[in-house]
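Student: OK, Swiss-Prot features for this one:
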{"type": "ACT_SITE", "residues": "Cys380", "note": "active site, nucleophile"}
{"type": "ACT_SITE", "residues": "His519", "note": "active site"}
{"type": "ACT_SITE", "residues": "Glu521", "note": "active site"}
{"type": "BINDING", "residues": "Ser13, Lys186, Thr187, Lys188, Pro189, Thr190, Gln191, Lys222", "note": "UTP binding site"}
{"type": "BINDING", "residues": "Ser13, Asp146, Ile147, Glu148, Lys186, Thr187, Lys188, Pro189, Thr190, Gln191, Lys222", "note": "CTP binding site"}
{"type": "BINDING", "residues": "Ser14, Leu15, Gly16, Lys17, Gly18, Leu19, Asp71", "note": "ATP binding site"}
{"type": "BINDING", "residues": "Gly353, Leu381, Gly382, Met383, Gln384, Glu404, Arg474", "note": "L-glutamine binding site"}
Amino acid sequence: MARFIFITGGVVSSLGKGLASAALGALLQARGFSVRLRKLDPYLNVDPGTMSPFEHGEVFVTDDGAETDLDLGHYERFTGVPASKTDSISSGRIYTNVLEKERRGDYLGKTIQVIPHVTNEIKDFINIGEDDVDFMLCEIGGTVGDIEGLPFFEAIRQFSQDKARGQCIFMHLTLLPFIKASGELKTKPTQHSVKELRSIGLAPDILVCRSEGPIPEKEREKLALFCNVRPDSVIAAQDLSSIYTAPLAYHREGLDQAVLDAFGITPAPKPNLSIWEDVADRINNPEGVVKVAIVGKYTQLEDAYKSIAEALTHGGMANRVKVEIEWVDAETFEREDPAPHLQGFHAILVPGGFGERGTEGKIKAAEFARTRKVPYLGICLGMQMAVIEAARNLAQLDDAGSEEFDHEAGKKRFTPVVYHLKEWVQGNHKVERKVGDDKGGTMRLGAYDAVLTEGSRVAEAYGTTAIEERHRHRYEVDTKYRDALEEKGLIFSGMSPDGALPEIVEVKDHPWFIGVQFHPELKSKPFEPHPLFRDFVRAAKENSRLV
């Protein structure tokens, strides 16, 4: 039976609850325990799948096709435990479930209320799989005091009462601001945050305090006194140069020991942190630097491409180099020469995205990489842009484009080498879609198999010809142009098992030019870099010696 750790936040948002949860999960694993991490988001969207990247950051897709919060990416990267649909939920999904049950008559005519019906739905979600792991870590999104979060805070209060004494603990993450004028860390915001938490029936067992530096003993004792926690349960979460040193930093602060003490687990198994020591060594001691341009649409918000940035870091670790990322707005050279914007980079990556804005710039970036022999990785839309570029400039199909852009404009302007995907095979059944369907949850989502061409660069990278990768797209490259493109050197080196859907293209006689329809960044980890990112950074490293 699992022990439950509820992670809440106060004072301000974006303090790093997700990272703290992920790091704690990794530390518990290092002591031999099994863990599962969950995110409960109070927003009213059913899931983040239709939210703007500027609003929410990236959407993290699981093997079973759930569109989830980017924090689940941190959970997977730090613990290696694949997330699923049962690891992410929102108020929107909770209320949808409750209302569907009411329509079916499941509540037998009762008046539907937040308590008990909504809170029971939340508790039922938390309980899923409780017998499968030693520890269940549940992060509540937002901050204490948010109106949207009240049903979740009430639900976890009830949940802790429903369970046996000592089966649940609460970890509260707050901010300790440093006032330069007085040279002091201020504890008052944390005291008020804990006061707010206690007013709704929750008392923290552990305080994790985000700060620029260490917490002096005087302030630690003050927090312990006024927030009613043990001094050794006041944990400093200091600013770090890399998130991947967080497990070691939290261990030095005693977070994992404080958790085990709160549960009364003695003697505590000793941790094996060798994996994280190796990760920290690779991060802190690079043997070179490579510069990678990410040519995208949402470059003003780096969280929109969070997993890509992390996967590049993992590729750098594998090659003992630091990857310096430059965010390049694809719109800046839609109507001008891309060379001044892209010269000097050792590799170019074009990520996924939606809509026509910026696509001509991405096509130019693909052309620049192909003609200048610069390593190129195109992901999802980035692969489609590479195919359109090759169709226009190699296969003489001057008006090559995507149906997506025609649908957006409301008129036909392009020969669609990329078309709206209307059917595909998922497991043992066929999925059908049409233009005009609801946006939410209707893409080709989750893990799908692909078959690679023997002797291809991608088969060499993976070390096999059978792979499984995660997808999130509704447009696909049309195979009827395959022969014409392969004749000109754009090889279709990966296909769906039925041969209907192109999964990977690569350019013949190029140092490293690969486009993939899937999202390899979603499966990369610091201790297990994805083979495509490993080899992409290796190619950038080789190119750095030539530039």
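Using N, Cα and C of the backbone, Cβ positions are placed for all residues, glycine too.
Please go over these features one by one and say how buried each is and what sits next to it.
Tutor: DSSP assigns Cys380 (active site, nucleophile) to coil, not to a helix or a strand.
In the three-state DSSP reading, His519 (active site) counts as coil. The Cβ of His519 (active site) has 25 neighbouring Cβ atoms from other residues within 10 Å, across all protein chains displayed.
Within the same chain, the residues at least 6 positions away from Glu521 (active site) whose Cβ sits under 8 Å from its Cβ are Ser307, Ile308, Glu310, Ala311, Ile379, His530, Phe533, listed in sequence order.
Counting Cβ atoms from all protein chains shown, Thr190 (UTP binding site) has 28 others lying within 10 Å of its own Cβ.
The Cβ of Lys186 (UTP binding site) has Leu176, Pro177, Phe178, Ile179 as same-chain neighbours under 8 Å, each 6 or more residues away in sequence.
DSSP classifies Gly18 (ATP binding site) as helix under the three-state reduction. There are 25 other CB atoms within 10 A of the CB of Gly18 (ATP binding site), with all protein chains counted.
Over all protein chains present, the Cβ of Gly382 (L-glutamine binding site) has 27 other Cβ atoms lying within 10 Å.
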Student: Out of Ser13, Ser14, Gln191, give me whichever of these binding-site residues has the highest number of other Cβ atoms within 10 Å.
Tutor: Gln191
Student: How would DSSP class Lys222 (UTP binding site) in three states?
Tutor: helix
Student: Tell me the Cα distance separating Glu404 (L-glutamine binding site) from Leu19 (ATP binding site), rounded to the nearest angstrom.
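Tutor: With distance taken Cα to Cα, Glu404 (L-glutamine binding site) is 36 Å from Leu19 (ATP binding site).
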Student: Excluding Gly353, Leu381, Gly382, Met383, Gln384, Glu404, Arg474, which residues of the same chain place their Cβ within 8 Å of the centroid of the Cβ atoms of the recorded L-glutamine site?
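Tutor: Neighbours found: Gly352, Phe354, Cys380, Met385, Ser402, Val418, His473, Tyr475.
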Student: Given a 10 Å Cβ-Cβ cut-off, pick out the one of the binding-site residues Asp71, Glu404 that has the most other Cβ atoms nearby.
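Tutor: Of the binding-site residues Asp71, Glu404, the most buried by Cβ count within 10 Å is Asp71.
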Student: On the Cα atoms of Gly353, Leu381, Gly382, Met383, Gln384, Glu404, Arg474, which are listed as binding L-glutamine, what is the maximum pairwise distance in Å?
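Tutor: Comparing all Cα pairs, the maximum is 14 Å.
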